[in-house]
Amino acid sequence: MSAPIEMPKWADTILVPAVSVVTAFLIAGLVVLSIGENPLTATRYLLQGSLGTGEGLGFTLFYATDFIFVGLAVAVAYHAGLFNIGGEGQATLAGLGIALALNNLPFLPGFLLIPIGILAAAAFGAAWAAIPGYLQAKRGSHIVITTIMFNWLASVLIVYLLVNVLREPQSMSPETRAFPEASQIPFMHDVFAWFGVTIPASQLNLTLVLALISAYLIWLLIYRSRLGYAIRVVGSNPTAAVYAGISPARIIIIAMVLSGALAGGLAVNELMGYQHRLLLEFTSGYGFVGIAVALMGRAHPVGIILASLLFGILYQGGAELAFEQPAITRDMVVVIGGIIILFAGALDGLFRRLVAHLLSRPKLAGA
Amino acid sequence: MDLGILATILDSALRLSIPLLAACLAGLWSERSGVVDIGLEGKMLVAAAAAAAAAYAFGSAWVGLLFGILASIAFALIHGFASISQRGNQIVSGVAINMLAAGLTAIVGNAWYGQGGRTPPLEGDQRFGDFVFGHSVLVYVTLLAVPVTWFVLGRTRFGLRLRAVGENPAAVDTAGISVAGLRYSAVVIGGILCGIGGTYLSVAQAAGFLPNMTAGRGFIALAALIFAKWRAWPALGACFLFGLLDAIANQLQGFSLPGIGEIPVQAIQALPYLMTVILLAGVIGKAIPPRAAGVPYVKER
C-alpha cells in the first residue's frame, strides 16, 4: 500500500484535485440541506451573485486577488518543505508597514508613494516570516508552532498599536487616519474610465495585475531558476540537498522571506486598494484560506490562480447568498474551505488511490 | 494590593486555566502517541456548541457534557482517520478541523436559533453550578485528569506502550502491538478532554455558546504543552501560569503601577506566545517533542 501510486500526470494534477473539490461541494450541499435550505437554489444565488453581474464579477476578482497572494505565499514555503500557517500575522504586519510608510511620507508623489507602500508591505511581511524561518533553520524550532505564535503576537501587537499609538486622537474606532490620496492604488473602474470604457464600480483595483505578475514571477522562480530548484530539492530531500552543496538553512530562510513578502500582497490589495487606512482584522482569516488555495492548486501558480478564482466566487457569491437566504451565512465558505483542506490536503492519499483505482479498472464493454 | 484582590486574581486564574488545562492534556495524550494536534481549538469549539445546544434542548448540563464530548470525539476521529489510517499531513488536518469547527458551529447555531450563531442563554439545571468552593464540578474533573494522566502514562503498561508508539512505533509494532490502535485510543482520549474543556466554556463558565468563543485558547494550550515539555504536572503549572497572566491582564485594565505607569494589557497577553517562542528557540532550556510526533507510521518500511 505504501508503493507510489502510478497514474498519468494529467490525472494527478487535474483529476485528483477536481474529485476532492467536487466531493467537498457535495458535502457542503448536505450541510445546506441539513439546515433546511435547498442547495440548488443556493448554488444559483451563489453563481448569480459572483458571476452574474459586472459588479459581482469585480468583487469576485477583488477577493481572488487576496487569495492569489496568500496562496502563493503558502506554496513557496511548501516547495521548501515548510508549512507557513503564519500568513495572517505576516499580512497584518505588512499592513502596519504600509501605514507607517504612507502616513509618514505624505509629501511624496503617487508614482513614488505606491511602490514604497508595496515595498514596505513586502518588507514587513518578510521580516515577520523571517524570524520563524531563522528559528527553524538555525535553532530547529518547529515552523508550524512558531508561525502560529507569531500570528497571535501580530494580532496582539496591532491591537496595542492601533488603540494606543496609531489611532487618530479624536477618533473612537481603532484605525489610522486615511492614507494620502496619491497613495491609493487606482480602482479598475477608474482605470477603464481613463480609456473611455465604463465598467461597473467595485473594490477591484490594479493590485490584481500585481498578483498575476507575482504568480508569473513565482512560476519562473520555482520551475525555471537555480534558486527555485534548490528550494524544491530542500523541500523533497534536505539530505540530498546537503550533498548537492545546497545549504538547507539558507534556503529555508529565503523561502520564508519570499513567503512573508507574498503574504504582504493581501495587505496591499485590502488597504492600499480598498480601505485606504489601517484597521483591525482586515485579514479576515484569508491567510488560512491561502492554505486551501495552495493545496487545491497543487502549489503551482496556475492552479493557485484557478483555486483563487473559485474562492473569490465563493466569497462574493456567499455574501450575496447570505443576503438572499439568511440561514446560509458566509461561514459556509469557511466550512467549504475546511473540507477542501481536509480532502485536498490531509486525505489526498485517499483520493489518489480512488482515482488510480478507477483509472486502472479494465474498460467495460460499451465504455 | 490587598489580600482580597489577590484572592480574586487567584480564583479567576483557576477558572481561566481550566479550559487551557483540558485542551493541553488532550494535546499531551495525542502528541505523546505521535499524533500532532493543532486542532485543539476546533474540538473545544464544537464541544462548546454541542454542549450548549444539548443542555438547552434537554434541560440538563450533564446531557450537555455528554454531547460536547461526543462532538469532540467525532472531530478527533476525523483527525485520527486522516493522520493514522490515511497517513495524511497532521498539520493540514488540524487546520481543516479548526476551520470546519469555526464555520459549522456558526452556521448551525444561526440556523437553529437565529441569533447570529448564539445559543439561547442557559439557566438553572442547564448549567453546571457551584460544586465546592464556588467552582463547578468540571473544574475538579479537569484537575483530577492531571494525576490520572501522570499515572496512566507513566506507571501503567498501556501508558508505556502509548509513549513508546510516540517515540519508536516500529519497535512497538515488532512487539506485536497495534500502532494504529494505540494512536486511535490516544486521539479519542484527547477528544474526551477537549470535550470537557469546551463544555466548561459554554455550560459552566459562560451561560451559552457564542461563535468563536474559544478565542485562541486551543493555541495557548498548545503553547502550554510545549512549555510543559509534554508532561502532565508541568502542564498544570504552565496552564495555571497562563491563566494567571490572563487574570492579571483583566485586573490591570486601566490600572497604573507606581513608577512604571499603565502596563498595556496586550503586553501581558503576548507573554504566553513570546515565552513559547523563546523556549522553542532554545535560549532557556529546550523543548524536545516526542520523536515520532507528526510522522505517519508506515508498516512495510
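Even glycines carry a Cβ here, placed using N, Cα and C.
Those TrEMBL annotations? Automatic predictions, nothing curated.
The transmembrane segment annotation in TrEMBL covers A:14-35 (among others).
Panel annotation: around the transmembrane segment (A:56-78), residues 48-50, 84-85, 87, 90-91, 143, 188-189, 199-205, 207-208, 211-212, 214-215, 218, 222, 231, 235, 255-256, 258-260, 262-266, 268-270, 273-274, 286-287, 289-291, 293-294, 297, 299-301, 304-305, 307-309, 311-313, 315-317, 319-320 of the same chain, lying at least six beyond its termini, place a Cβ under 8 Å from a Cβ of the stretch. The transmembrane segment feature in TrEMBL is assigned to A:56-78 (among others).
Residues or ranges marked as transmembrane segment by TrEMBL: A:110-131 (among others).
Here TrEMBL flags A:143-163 (among others) as transmembrane segment. Same-chain residues lying 6 or more positions outside the transmembrane segment (A:143-163) and placing a CB less than 8 Å from one of its CB atoms are 77, 82-86, 88-90, 92-93, 95-96, 128-129, 131-133, 135-136, 174-176, 256, 278-281, 287.
Feature annotation from TrEMBL assigns transmembrane segment to A:204-222 (among others).
For A:252-274 (among others), the entry in TrEMBL reads transmembrane segment. Listed as Cβ neighbours of the transmembrane segment (A:252-274) (distance under 8 Å, sequence separation of 6 or more from its ends, same chain) are residues 62, 65-66, 68-70, 72-74, 76-77, 79-80, 82, 84, 86-87, 90-95, 97-99, 102, 114, 117-118, 121-130, 132-134, 136-137, 143, 179, 183-185, 187, 203, 205-208, 210-211, 214, 218, 221, 227, 231, 234, 282-283, 286-287, 290.
Marked as transmembrane segment by TrEMBL: A:286-313 (among others).
The transmembrane segment annotation in TrEMBL covers A:333-351 (among others). Counting residues 6+ beyond its ends, the transmembrane segment (A:333-351) has Cβ neighbours under 8 Å at 5, 16-17, 19-21, 23-25, 27-28, 31, 285, 288-289, 291-292, 295-296, 311, 314-315, 318 in the same chain.
Sequence-distant contacts of the transmembrane segment (A:14-35) (same chain, at least 6 residues past either end, Cβ-Cβ under 8 Å): 42-43, 296-298, 303, 310, 327-328, 332, 335-336, 339-340, 342-344, 347-348, 351-352, 354-355.
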